[in-house]
């Protein structure tokens, strides 16, 4: 067991009362210097929370799969225009935006690299939950997340090789292919079970979907809070990274939406592509930078993934709130129009009935 040395000064009176002058849990005591067991509370907390979050994430993805129709999902795979547009956004727009932002703000080379790593990471599972809440195309959302995670094994090294060579050697960046593979498995298996459940028991699947969507919303906030507690990077970092962390997700959402619209996708699919573009896998980015850089380098940029995570969540909530307001206004307006049309129809029917002897059919009553 690793231990660390704590020195504590005691006054004469306390020494007289306690000759050891050391805490009860000290393993070695010599005068006023004590060797105590290492406090592994944070490590234990991290393991427990990671386990709980993994189980919750699997349940959420199972519930999201309950909203996926097998035929429509396979239709996106057979006619992958929407997936192709998402691919261009994920591995075209995002890395290029990261590169341009790094140049525009003239950040340090090591900071530019972490911004580029974030831009090259595939979309996270949080986008599936938000896509559900904004009435997006869940079949497209799930297929995009699956394909982007799978293609990331080849596209991430390529994008990093192209964009980071002016700042660092791309060979110095360690890509955790095992983490990418685990993310893919953690996505595919629960979603597959959810799709099968929806196929066999569609009525029960709707109930599970509603519960899972609420749990998913809680999970997104919980992950952000836990990340803020467990991150050990210094929060005193360059203001430029805070600005980039604010602009980057907003640019991803906006550019993804406009490219999808230019490509001729429907509005609900544009919303889906937008979310899949802007919401990145920040946990994967953190893993990559931890494996690739020294502790001294991490102090300059390790907190950036959390900054991006916070702002991508805030903008996603703004998109959700704006869409809900729009939907409520639209439904209200549509209902008012329908009522007005019904009144006009009933008036015209009554006047027509008076002219024609007062007969009104049962269908118009």
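A Cβ is built for glycine as well, from the same backbone N, Cα and C atoms used for every other residue.
Caution: TrEMBL annotation is automatic and unverified by curators.
Worth saying up front: this structure is predicted, and the values here are computed from it rather than measured.
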TrEMBL record, transmembrane segment, of the ranges 241-260, 261-280, 281-300 the matching one is 241-260
Which range of 10-34, 110-134 is transmembrane segment in TrEMBL? It is 110-134
For TrEMBL, the entry transmembrane segment belongs, out of 80-104, 330-354, to 80-104
Among 80-104, 110-134, 141-163, 175-195, 305-326, the most Cβ pairs under 8 Å with the transmembrane segment (241-260) come from 80-104
In the same chain, residues at least 6 away from the ends of the transmembrane segment (305-326) whose Cβ sits under 8 Å of its Cβ atoms read 114, 118, 126, 130, 133-135, 220-221, 223-224, 227-228, 231, 233, 241-242, 245-246, 248-250, 252-253, 271, 274-275, 278-280, 282-283, 285-286, 289
